[in-house]
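Residues annotated as active site, nucleophile in TrEMBL: Cys274. Residues or ranges marked as NAD(+) binding site in TrEMBL: 9-14, Asp34, Arg39, 87-91, 128-129, Glu163, 274-277, Arg344. If you look up TrEMBL, you'll see 159-163, 218-222, Arg258, 265-271, 336-337, Arg442 marked as substrate binding site. The domain 'UDP-glucose/GDP-mannose dehydrogenase C-terminal' feature in TrEMBL is assigned to 330-447.
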Amino acid sequence: MVQRICCIGAGYVGGPTCSVIAQMCPEITVTVVDINQKRILAWNSDQLPIFEPGLQEVVKACRGVNLFFSTDIARAVQEADIIFISVNTPTKMFGIGKGRAADLKYIEACARQIAEVAVGFKIVVEKSTVPVQAADSIRRIFDANTKSSASFQVLSNPEFLAEGTAMRDLKHPNRILIGGDATPEGQMAIEALSNIYEHWVPKSKIITTNTWSSELSKLASNAFLAQRISSINSISALCEMTGADVEEVATAIGTDQRIGSHFLKASVGFGGSCFQKDVLNMIYLCEAFNLPEVAQYWQQVVEINEYQRRRFTSHIVRCLFNTITDKKIAILGFAFKKDTGDTRESSSIYICKYLMEEGARLNIFDPQVKKEQILDDLAHSSLSQDDTDKVLRLITISSDPYEACENTHAIVICTEWDIFKTLDYERIYKAMQKPAFIFDGRRILNCVYDYLKQLGFQVEMIGKRAGQKTLYH
Ligand code: UDX
Ligand code: ADP
């Protein structure tokens, strides 16, 4: 009987996942641990470290009852029956596999720490997204370091939640995937973990596989989703040239049940901590296993994403009479999608960088992202040589969308926040330089397209032919 769960890593995956487990399994004590003391303090305060609709209520109800946040990793590991590893696996920035392979140093550190302090039998669950065969590495670290009083079963149980809808995804998952050894011990471990989920997930939705299938399914799942976005974004470029409208095309093709309607929204490109990292990770695996054709196939998904960001920015520059130096541009939205404060790999970062390269002055507004985060992302050295001074000179962070748009030549919508649909665009238009442009990288203003044009705006949307362009030029 599982009585205690420990989760190492109190981030976007570990925090919400354990909150839901604690809510659904009142008889189990769940302790989330992290090396980052500031993060743990935030989890124990009223200002949670991440914004996720519905999360605060669950944390408030369970915290101090059967949900705990702590920095005492050793103790939580010792007491737990099941240990989730939910640490970050960023893309390596140096050495072998630089820019593609997943950096497993945090996973390895966890495995070593678990081996050092654990006593008795533990089920160790890989929740972080990892390359195929990472569980084997964890097993080898255990085999080489474990004291005689401890034994382990390692399972793969990838998390499929999406940010912004994490609580709904966790409570109503499409499936739970658990991979483990074919041995009787492995099967018993799978059953123990499955029993946790069966508190709220129908058994028919719990898929069990071997460890490698589970690990690869997570990578493949994210790669397929990213591929759909790159596919529709590639079609959006064709739409802008031909007069077809990408939304109409997406609806038409999405009604074919074999294709399906989800994940066909053309955009400024996918962002977030997973898609690019996981596709790159898969590309690296293909190369390591000498499958260059497969690697090249997936590489295109990433390249189309970069192309879309560049293409969108070039279009802005072209429309603004080929020069944006010293022009003021409002950037609405900095998070990588709506309903999150997360900016990791957000297309907004790249679009702002490209516009800054042209010397534009940017007024940025996002309802959730903090000013320090925006400045930090834009000054980040891995993206370009921009130094903090340049960022501070060209960037203004506004706490109000109207203020952000005032006196600007153009508005660029980078995130699909609902509030951008209902702004008073008449008021905004009056306060802007003329001609006033809106570049909608998310197509959230398509339903008021004619109204905006009537107001006097020049409206440019991803996947919709611009007014002046002619067919087949
Ligand atoms: C994704 C996966 O959906 C989730 O299953 C996995 O566990 C983690 O990675 P997440 O990155 O949180 O989740 O968000 P998601 O909703 O998938 O969006 C990713 C990016 O794609 C965002 O930038 C979003 O704006 C963009 N997107 C999504 C599009 O551009 N068009 C779409 O049709 C869908
Ligand atoms: P994700 O989106 O995958 O949840 P995050 O970066 O939000 O990723 O969270 C990962 C968390 O894991 C971070 O808070 C980080 O401090 C924590 N972490 C990384 N390595 C360790 C470790 N060895 N022990 C404990 N916590 C760790």
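Positions of Cβ are set from backbone N, Cα and C atoms, glycine also.
Feature annotations (TrEMBL) mapped to structure.
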| residue | record | DSSP class |
| --- | --- | --- |
| Tyr12 | NAD(+) binding site | coil |
| Asp34 | NAD(+) binding site | coil |
| Asn88 | NAD(+) binding site | coil |
| Leu219 | substrate binding site | helix |
| Ala266 | substrate binding site | coil |
| Gln276 | NAD(+) binding site | helix |
| Phe336 | substrate binding site | coil |
Would you kindly give the Cα-Cα distance separating Gly9 (NAD(+) binding site) and Ala266 (substrate binding site), rounded to the nearest Å?
33
Run through Gly9, Tyr12, Asp34, Glu159, Asn222, Phe336 for me and report the binding-site residues whose CA is within 10 Å of the CA of the residue listed as 'active site, nucleophile', in sequence order.
Asn222
All chains considered, the count of other Cβ atoms within 10 Å of the Cβ of Gly9 (NAD(+) binding site) is 26
Listed in sequence order, the binding-site residues from Gly9, Thr91, Ala162, Glu163, Phe336 whose CB sits under 6 Å from ligand 1 are Ala162, Glu163, Phe336
So which of the recorded positions Tyr12, Thr91, Leu219, Ala266, Gly269, Cys274 sit close to ligand 2, that is, with a CB under 6 Å from an atom of it?
Tyr12
Reduced to three states, what secondary structure does DSSP give Glu159 (substrate binding site)?
coil
Which of these binding-site residues is closest to Asn88 (NAD(+) binding site) if you go by CA atoms: Glu159, Ala162, Leu219, Gly269?
Glu159
I need the CA-to-CA distance for Glu163 (NAD(+) binding site) versus Phe336 (substrate binding site), whole Å please.
10
If you count CB neighbours within 10 Å, which one among the binding-site residues Ala162, Ala266 has the smallest count?
Ala162
Long-range neighbours only, meaning 6 or more apart in sequence with Cβ under 8 Å: which ones does Asp34 (NAD(+) binding site) have?
Ile8, Gly9, Ala10, Gly11, Gly14, Ile40, Phe69, Thr71
Glu159 (substrate binding site) CB neighbourhood, other CB atoms within 10 A
23
The domain 'UDP-glucose/GDP-mannose dehydrogenase C-terminal' (330-447), counted residue by residue under DSSP: helix, strand, coil
44 helix, 19 strand, 55 coil
